[in-house]
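As written in TrEMBL, here are the features:
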- 1011-1065: DNA-binding region (DNA_BIND)
- 323-333: compositional bias 'Acidic residues' (COMPBIAS)
- 819-828: compositional bias 'Acidic residues' (COMPBIAS)
- 832-844: compositional bias 'Low complexity' (COMPBIAS)
- 854-877: compositional bias 'Acidic residues' (COMPBIAS)
- 918-933: compositional bias 'Polar residues' (COMPBIAS)
- 968-978: compositional bias 'Polar residues' (COMPBIAS)
- 988-997: compositional bias 'Low complexity' (COMPBIAS)
- 1023-1065: compositional bias 'Basic and acidic residues' (COMPBIAS)
- 1081-1090: compositional bias 'Gly residues' (COMPBIAS)
- 1011-1065: domain 'HMG box' (DOMAIN)
- 306-365: region 'Disordered' (REGION)
- 816-1121: region 'Disordered' (REGION)
- 9-41: repeat 'WD' (REPEAT)
- 132-173: repeat 'WD' (REPEAT)
- 233-267: repeat 'WD' (REPEAT)
Amino acid sequence: MPCERKPMRYGHSEGHTEVCFDDSGKFIVTCGNDGDVRIWEGLDDDDPKFITVGEKAYSLALKNGKLVTASSNNTVQIHTFPDGEPDGILTRFTTNATHVTFNSSGSRVAAGSSDFMVKVVEVSDSSQQKTLRGHEAPVLSVTFDPKDDFLASSSCDGSVVVWNIEEQSQLISWPLLQKTNDVSNAKSLCRLSWQPSAAKLLAVPVETKVHLYERGTWDHVSTLSDDLQTQLINVVAWSPCGRFLAAGSVGGSLTVWDVNSKLCVERQKHEKGFTVCGLAWSPSGSQVAYTDTEGCLGLLDGLSTSTSTTQAPTKKTAKDYDDLFDDDDDDRLMDEGLSDTNSPVKKPVARDDDDDDDDFLVPATGRVRNRGAVLDDENSLDTGSLKVGWDRFGDDEDSSAAAPAAPPLVPLRPVYEGPLPTAPQKAFQPGSTPAHLTHRFMMWNSVGIVRGYNDEQDNAIDVEFHDTAVHHAMHLTNSLGHSVADLSQEAVLLACPSTDELASKLQCFHFSSWDTNKEWMVDLPPGEDVRALCLGQGWAAVATSALMLRLFSIGGVQREIFSLPGNVVCMVGHGEQLLIVYHRAPGFDGEQALGVQLLQIGGRKKQLMIGESLPLSLRSHLCWLGFTAEGTPCYVDSDGVVRMLNRSLGNTWTPVCNTRETCKSKSDHYWVVGIHENPQQLRCIPCKGSRYPPTLPRPAVAILPFKLPLCQTSTEKGLMEEQYWRSVLFHNHFSFLSSSGYEVDEDGRTQSQKEQQELLMKMFALSCKLEREFRCVELAALMTQNVVTLAIRYASRSRRMALAQRLSEIALEKANQIQEEEPEEREEEPQHAAARRPSGYEVTGGRRGRRQEEEEERGEELREEEEENAQEMETGEEAGTRNRVTASVKEAASPVIPSLTPIGKVGRANPFKVLGSGTPSSSSAQPRATNILDNMASGRKSSPLSGSAGKPNKGPVLKPLAPRAKAKTQSTLLQMTSTKKKSQEVTPPAAEQQEPAEAPPPASPADNTENKRPKTGFQLWLEENRKSITADHPDLEETDVIKEAMGRFRTLSSEERLSWTERAKGQTGDADLKKRKRADGGGGGGGGNEHGQAEADENSAKKKKSLDPSAKLSAFAFNKN
C-alpha cells in the first residue's frame, strides 16, 4: 500500500487537536486548543473558514450537514455545516466533555465526559437522552455499533465497556488499560473504533497492539501488532471498506494493517515524532488525515484500499502474466521458476527499450513494479507489502500459473527480519524526577531533598535536610540552569548542560567546610557535557558525554580521570565506594544491555566489580540505583524488582523485593528513595496513577517489607527458608564492614546469628516431624557447634538414633575445624591489635571480652531451657511423645550462639591432650568440645545459679543451691567419638561396657569439683519436694522455684529443719568416707580417681533411675567402641 506523506502544516495552537472529513470528502475539519473549528478545502488551503465554538474545543463529529463539538463550557453544541451557524446545545455535563461521535445514520450523538458519564442524545430532539452510568473515572472515548444496538466506551478507570443502549446497561467490561485520574494524565486516549459496514469487529488499542473483539460473542478474536511498533497506540480508525485499520501512536508512528491477513501494509512516521491524537479516513479511502498534540495537521495520500483493484490480477490467465512481464526480459530473475509450457519464446536481450516505455504497467499494489531497486528510506516497501502481494497472486486457482507472479518482487533490497535494536536508555540521576517537569525533585536520598523550580515566576533550587543538625535549609538561585544534583552530609553538587555560548559547569556548595569559602565551580572542556554525578566521603565524581569519568576532592582539587567503556546511565557514591552503570552494548528486542563497575576510592584504591553485566527483568530498564544505608549496592528496574549485591556469593545480584506485588492497579508505582538492611526497610513513595510523585504537597514515605522470591513461601517450610536466607543476605554487611576495617555493631551481629540459628532449629524440628532425616543433616551442616549439640539431643529424644549418630560426626568435624582455626587467629591477633584506622575505627576492638560474657550468659540460658525440657520428658512415655514438638520449639527459640572462645577462659587448651599417665587433663581450662557438650548434657540437672562449669573456683557460691544429681552426668556422642579417635589408652571397665545404661561414662572434672561441696538440709529437702512445687506452679522459673521452696522450708518446724540438716551431714560424711577408701585403693593415678567417681555415680544412680533417652544414646555410642 504505497502512499505519500504530505508535509505537516500549522492548524491550531499547541494542545489536543482532532480531525474528521465531511461526507463528501471535500473538506477536512479540525478543532483545537484555541477553541476554533477550521474547515480546510485541502491541505494547501491557506485561508480556511473557521467557527469559534468556545475557549477550547476538545472533540468534534460531522454527519449530514451537522457539526457537533465538545467545548470547554461543559456543553455539546451543534452547528450547521459548512455555514457554521449555531443550532443549539445538545446536552450539558458537570464538567467538560472529552469525546463525541455520531452513529452511522447521523440520528444520534454519543458524548463521554470527565464526570464519568456517557450520554446518548437524539439529534432531532435533544430532550430524548439516555445516560449510561458505571465508569469510575473520566471517559476517554465512545463509539457506536454500526447497527445502533450497542455503544463502546473506554475510561481512565482502566476499563473498556460495551453498553446496551436501550437497556442502558453494561454488557461486558474488559480491564485493559492503565488507571489514571484524568484524561490529561492518561498514557493513551484509547480511541475505540467499530468496523463499518460489516460491523463484526471492535478495535481497541491496548499498549502497542490493537485487540479485535467480535460483536455479539465479545470474544478476543485476534491482535494486530508490528515489531517496529514500540510506542503506545493512541487512536485507531477503520477504512470505509472495513478491511484496513490505521493507528496513530504516542511516538508519532502511523501504521496501517490489512485486517484479513493481519499484516502491516504501511508504516509512516511523524516528521517530528509528536504524538498523533486525531485520525480520520476520507470517504474514498485514499487519504488519511491526522493531527498531533502541537496543533499541526498532516495527510497520507495515495492509499489504495479498493477491493476491485486488489482482486483484478487473480482473474487473469497465465498468458496474461507472461504478457505483463514481456518488457522485463532483461531481468534474468524473471525467468527463474518458469516452465517451458507456460513461457512463450522470449525476445533477445538486445531490444529497443523505447518501444516499451509507454507500456510500463503498475501492479495492483499501486506501486511501479521496478521501483524497489531504488526505494528511498521514508517510503520503502516493507515485508508486509511483499507478503500481501504474494497472497494476492497466490489466490489464483491455477497454482502453476501463479508462480510467475513472484519474480517482480525479487529485485527489491533484502529486508532484515532478525531482532531489532532497542533504543538505549538515557542517562538519569537516581532519586530525581524527569527534567521536563517545571517543579521536580532533583534529588531525594537519605540525607535530604533537592527541589528544582523552573516556571514564569522563579528559577530556583531548594535544599532541605531530613536532619537539620546537618545543615539548615538552603535556597539557591538557578541562574545557570542546573539540571542534575546530588546531596551528601558534606556538600551539594550541581551541574548544568553546555549552551552555544557557555561550557557545561560543575558547581559545589561545600557547606561542611570549616573555612569561609564554601563554594567552587569548574568548567568542563568544550564539547563535554555532564551526564551524571555523585558525591562520596571526601570526593565527587562526574561522568561526561566524552565517555570520561572525572574525580574531584570535596574541596575542588582535580583527582584521577579515566575512560568509561560506554555511555553512562547513572552512578552513585557511598563512603569510599563508587558504582557506575553504563551501556556495554546495544540491546535487542526491548532489552537494555547494561554493565556495572564498582570501585573503591580511598586509601586502598581497587576495582571490586569490573565490567560485569547488570541483570534486569525482561524488557525493562533501570529506574533507581543506590547503596543501602550499610553500604551494599542495590537497584530497581521498571518492573519494580529490587535487587541487592550478594558479596558472599561471588558478587551476584539477588532479588529481594517486588514493589509491583503491593500495587493495587497497573498504573500505580512505588518511587524508591532509600534502603536499609538493619532494620530491613525499603523506603519509597507510593505514586497513584503515575511513576513519579508530585513535589507539592510533600509526599509521604511508605515502608515496604523485603521478601525473597523463594518457592512455596505460603507453607511453613518455605516461609522459614525465606526468612533464614533473607537474614543471611541482609547481614552480609557485617563481614564486609569488618573486613574493610570499620567497627561493627556486635549486638546486631549477635542478634542476627541468633535469629538464623533459631530458624535452622525450627526447620530441623519440622524436618524431624516429617521424617526427612537427610534434610536434617543438611540443615545441621549450616548450624554452629552449640546448635548441632542441641539438635543431637532433640534427635535422641525423638528416638532417631541413626540421625543422632550422623549429627555427632558433624559436631566433631566442627570442633576440629574450630581447633584448626585457633592457631591462625592467635597469629593474627598481634596484627589486628596494630591495625587501627586513622578515622578511629578498630578492626576487632573489644570483641573477645564481649563474646566471653555473652557465651556465659547463653550457657546459663541454655541450662534453664534444658532443665525445663528434662522435666517435660520425665512425665512418661506418652507425654514425652506429645511434647516433642513443644520441646523443639523451645529449644529452637533458645538463644544459642556460636562462639570461638571457651567458656570462662581466654587461654586455649588442647581438648585431646593426654598426660604422661595416660589420663586426660583435668585442669580448670577444659577442652572446648568437652566443655560445651558437658554443659549441654548435664545442664538439665544443674541450676543456673551454680555458675558456669568452666570456672568452678570463681566467686562465692550462692546458697541455697539447686540440687545436682551426681549420677546423671553423661558424656555425649561427641565425647565418646573423640575419645575413640584420639586415645585408646583410656578405656572404661568391662562391667560398664556390659551395662552401659546403668553406668554412664565418667563426669568431667568440673562436675567433680562441684560435687565435693557438702549439701545443706535445704538442698536435700528441695531435692525431694521439687516435683510437688513444679506441679503446683508449672510456669515458675528456676530462681522462682528456689524462692518458693525457701518460703515453704521456713514454714517447717525447727525440729523438722534440724532433722533435714542432720540427714544432709550424715549423707555427706558417708560419701566422704567412701571416697577416701577408694582413693587409698586406687593407686593414686588420675585414672583411678575417675574410676572411683564413676562407681559413686553408679551407686547414686540406683536411687533414682532416669527416663532420659539421651543417656541410652550415649551408652549406645559407647558400645560402638
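Including glycine, each Cβ sits where the backbone N, Cα and C put it.
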**Study point:** For the repeat 'WD' (132-173), sequence-distant contacts whose Cβ falls under 8 Å of one of its Cβ atoms, 6 or more beyond its ends
**Key:** 98-105, 108, 110-120, 179-183, 185-186, 189-197, 199, 202, 204, 215, 218, 665-667
Practice item. Could you pull the average pLDDT for the DNA-binding region (1011-1065)? Key: 83
Review point. Per DSSP, what is the residue tally for the repeat 'WD' (132-173) in helix, strand and coil?
Key: 0 helix, 24 strand, 18 coil
Revision key, fill the gap. DSSP composition of the DNA-binding region (1011-1065), residue counts helix/strand/coil, works out to 43 helix, 0 strand, 12 coil
